[in-house]
C-alpha cells in the first residue's frame, strides 16, 4: 500500500479553489485513488459537486445538535460521493461569532482519532486562503497537509494571497514536513496571465503545475451540482482537469520550501508586466488629464 498523501488546496475566496479541487479529485478517483475530502472553508462548499447536493451538514453543526463532537460517529459526518470519494465539511460558527478555524481543528482531530484516515491514498484539505490565521493554518501548522497547492489567477489580489500563503508555508516548513507543491492558475482572462503566473512561481521557487483555461462548461456542470468530470466526461475541460490530476499524482516528493517576496517586489513584478503603474507614471497620467481638461 502506498503512503497516504495529505494535500491541501489553498486560495483566496472566489478564485475557484473548491471547483478546481473537486474536479481534480474526481479525476484522481478515476485513476483508482481512494480519497477523503476535508472541507475547511466556512462556506462548506468543498464537497457539493462530489455529493451532487446543496451543502453537506458540517461537523460543527452536527456536534451542536448532538451535544458535542464526542457524541458523533464517523458515519454521521463522512458522506460517500462520486465513485466512492469520502466527504466531510468542518464548518464554522455564525458570522461574527467565534473563530471559523475552530471547526477545522475540531474536525481533523475527530476524523484522525476515529479512523477516518485508514485505507486511503489521499486526504485533501480545501482551505480558505485570504487569511492564514491559526485555525485555517492548522493543516499546515500541525503537519497534516504535506503538499500545498495554491489556486490563483493573474488578478492582483489572487497573486497577493498566493504570496501570503507561501509565507505561511515557509513559517512552518522547517518545523514540519509541509512543502509548496506548486501553483495552479485558474484563468480569469487578465493580461499576460500565464506569464504572470510563471513569474510568480519563479519568485516563489516552485512550479506552475497547470494553467486551467476558462470554460463555460464549468458553470453548466456547477448548476447541476456536478464536476465537469461527471457532467461532460469527454469534454476538453474534463481533459484539462485529468491532466492537472496526473501532474499532482506525479508530483509526490517534489514540493519545495517557498521563497515568498515582499509587497514591494510583488508590485515591481506587476509593473514589469505593465499591469500596475508606478507612482510617477500614475501622477504623470493624472497631470496630463488635468491639463487636457483645463484646455
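Note that Cβ sites are derived from N, Cα and C of the backbone, with glycine treated the same way.
Remember, it's a predicted structure, so these values are computed and weren't measured experimentally.
Per Swiss-Prot, the ADP-ribosylarginine annotation among the candidates 102, 141, 225 falls on 102.
Here the C-alpha separation of residue 12 (ATP binding site) and residue 102 (ADP-ribosylarginine) works out to 19 Å. In this view, the densest Cβ surroundings among the binding-site residues 11, 13, 14, 16 belong to 11, judged by other Cβ atoms lying within 10 Å. Fewest Cβ neighbours within 10 Å among the recorded positions 12, 17, 102: that distinction goes to 102.
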